[in-house]
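S.K.: Encoded as structure tokens, here's the structure I'll be asking about.
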Amino acid sequence: MVKICCIGAGYVGGPTMAVIALKCPKIEVAVVDISVPRINAWNSDQLPIYEPGLEDVVKECRGRNLFFSTDVEKHVFEADIVFVSVNTPTKTRGLGAGKAADLTYWESAARMIADVSKSDKIVVEKSTVPVKTAEAIEKILTHNSKGIKFQILSNPEFLAEGTAIKDLFNPDRVLIGGRETPEGQKAIQTLKEVYAHWVPEDQILTTNLWSAELSKLAANAFLAQRISSVNAMSALCEATGADVTQVSFAVGKDSRIGPKFLNASVGFGGSCFQKDILNLVYICECNGLPEVAEYWKQVIKINDYQKNRFVNRLVSSMFNTVATKKIAILGFAFKKDTGDTRETPAIDVCKGLLGDKARLSIYDPQVTEDQIQRDLSMKKFDWDHPLHLQPMSPTTVKQVGVVWDAYEATKDAHGLCILTEWDEFKKLDFQRIYDNMQKPAFVFDGRNVVNVDKLREIGFIVYSIGKPLDAWLKDLPAVA
Ligand SMILES: NC(=O)c1ccc[n+]([C@@H]2O[C@H](COP(=O)([O-])OP(=O)(O)OC[C@H]3O[C@@H](n4cnc5c(N)ncnc54)[C@H](O)[C@@H]3O)[C@@H](O)[C@H]2O)c1
Ligand SMILES: O=c1ccn([C@@H]2O[C@H](COP(=O)(O)OP(=O)(O)O[C@H]3O[C@H](CO)[C@@H](O)[C@H](O)[C@H]3O)[C@@H](O)[C@H]2O)c(=O)[nH]1
């Protein structure tokens with residue numbers, strides 16, 4: 001029986017391995033992690049991450065050919081294929097701080113693999129890493145190998161949170177990069193056979209190592225660039241009376257452009273886009289390509305601009321101050337159908353409002369109070385253009401209340417912000433909300449989920465990203 005071990009039981013390692021176990025009953029899959037609470041959660045009824053469809057997959061395979069364990073070394077020792085899916089965050093200090101990927105976790109995993117291995121293994125980069133990482137990993141493995149042969153493959157993951165299981169069942173492509181040697185090609189073939197259990201062969205692409213590594217960064221940069229492009233247009237729409245939804249629709253009808261990923265928003269979030277673009281920027285700089293680096297940096301600058309713009313619209317329409325006013329925040333996760341808050345624009349918007357001394361009442365169906373408090377008291381890494389936020393102490397933020405109901409959050413509020421596009425926000429009884437809010441009652445829709453006309457009929461003053469402006473806002477400054 002082929003044995004797979006995956007180091008890192010996170011948003012990628014957990015769902016990816018669960019799907020491999022489901023689709024390949026003859027392969028034994030162990031997912032290992034240094035975090036005891038995380039592994040305990042994977043072994044319980046309360047999985048550590050919320051992802052539609054995940055629970056069913058885990059329930060079917062767990063204990064059969066899918067195992068979650070903290071015994072990292074034992075499972076690595078036994079495995080034929082070792083996936084590494086550990087964190088690769090942005091470096092916060094030292095060389096490349098604020099841009100380069102921090103490969104500490106990766107390096108320590110590689111050293112441990114070399115230490116405990118007694119048989120040849122395929123080591124698979126599942127984490128998103130800078131191009132050329134495989135070369136460094138190879139050096140670590142071979143210098144410590146005691147004669148054991150390792151083949152490194154790059155097999156980046158393209159799943160999106162909230163649709164992870166769907167994406168894994170039916171991926172647009174699986175990408176496997178390896179060395180162009182006979183041993184490298186053999187390793188590619190071995191991994192290809194795993195995916196071929198359910199992915200059509202012509203969708204399994206094989207490349208050299210560097211193309212696979214770079215394709216992952218490139219894909220995320222292209223995706224984020226689309227959002228920054230439409231968000232840049234949203235500002236122009238507000239200035240001219242165009243409607244960004246209509247513009248996106250018309251633009252997306254061009255088959256060369258396509259309709260997906262053109263929703264204007266308060267900004268993109270998630271653990272990947274910003275981190276991976278910064279990483280790309282750093283690689284460009286290191287390779288003497290400052291113009292290319294600047295080009296991609298702009299995607300992040302527009303994203304920051306969009307978040308700032310949203311806060312400024314809000315404050316300027318509420319008589320230029322939100323001090324002591326209650327503002328309801330509907331949605332905190334970085335997108336719907338996930339409880340993940342990494343780099344969520346809600347953090348920036350909330351910190352911006354707190355900086356102006358607002359009182360916040362936050363509701364998100366999947367994010368806990370503890371998580372929200374941690375996010376709002378944590379420091380962000382320094383970035384070289386203006387950030388809305390002052391560092392705050394890592395204690396409870398007193399002006400923030402977290403509630404478990406949108407109606408509770410909006411009760412007696414002066415304004416409400418929609419920051420995540422949860423389906424339930426479309427179905428809210430806005431008349432009831434209006435009746436219970438202070439007047440004038442403001443809605444700031446950062447996700448274009450509300451029916452603007454209907455809300456204006458009720459009596460709300462409505463700002464919705466990239467939509468024709470409410471008469472109330474027309475003469476107000478909207479500087480970012
Ligand atoms: N989240 C996504 O949607 C997504 C999608 C594609 C790619 N990626 C990439 O995949 C990688 C993992 O992302 P994630 O979202 O799953 O992160 P995560 O934080 O959810 O999971 C990473 C896990 O690795 C564990 N870990 C770290 N060092 C370890 C070690 N030495 N030994 C054992 N366990 C260790 C951590 O405890 C953590 O549980 C990142 O490189 C990310 O960029 C993420
Ligand atoms: O038209 C759009 C589409 C998305 N977003 C926002 O963009 C962010 C990222 O969304 P999405 O890409 O759907 O989720 P992620 O889980 O971050 O997935 C991205 O990042 C992963 C990690 O690398 C990749 O594997 C995926 O392919 C890539 O889509 C979220 O804040 C979304 O709200 C918009 O604002 N407008």
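A Cβ is built for glycine as well, from the same backbone N, Cα and C atoms used for every other residue.
Just so you know, TrEMBL annotations are computer predictions that nobody has curated.
Note that this is a predicted model, so its numbers are computed, not measured.
Grabbed the feature section from TrEMBL, which reads as follows:
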type     : residues                                            : note
ACT_SITE : C272                                                : active site, nucleophile
BINDING  : 8-13, D33, R38, 86-90, 127-128, E161, 272-275, R342 : NAD(+) binding site
DOMAIN   : 328-452                                             : domain 'UDP-glucose/GDP-mannose dehydrogenase C-terminal'
S.K.: Among the binding-site residues Y11, D33, T90, name every one whose Cβ is found under 6 angstroms from ligand 2, counting any of its atoms.
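M.R.: List returned for ligand 2: none.
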S.K.: Identify which of the following recorded positions, namely T90, C272, Q274, place a Cβ less than 6 Å away from any atom of ligand 1, and list them by sequence position.
M.R.: C272
S.K.: Which whole-number value in Å describes the distance between the Cα atoms of E161 (NAD(+) binding site) and the residue listed as 'active site, nucleophile'?
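M.R.: Taking the Cα atoms only, E161 (NAD(+) binding site) lies 10 Å from the residue listed as 'active site, nucleophile'.
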S.K.: Taking the domain 'UDP-glucose/GDP-mannose dehydrogenase C-terminal' (328-452) alone, what is its mean pLDDT?
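M.R.: A mean pLDDT of 89 is what the model gives the domain 'UDP-glucose/GDP-mannose dehydrogenase C-terminal' (328-452).
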S.K.: Within 10 Å of each Cβ, count the other Cβ atoms, then let me know which of the binding-site residues N87, T90, Q274 comes out lowest.
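M.R.: So among N87, T90, Q274, the binding-site residues given, the one with the fewest Cβ atoms within 10 Å is N87.
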S.K.: Is it possible to list how many residues within the domain 'UDP-glucose/GDP-mannose dehydrogenase C-terminal' (328-452) are helical, extended or coil according to DSSP?
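M.R.: The breakdown for the domain 'UDP-glucose/GDP-mannose dehydrogenase C-terminal' (328-452) reads 37 helix, 19 strand, 69 coil.
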S.K.: Around the Cβ of Y11 (NAD(+) binding site), how many other Cβ atoms lie within 10 Å? Please give the count over every shown protein chain.
M.R.: 22
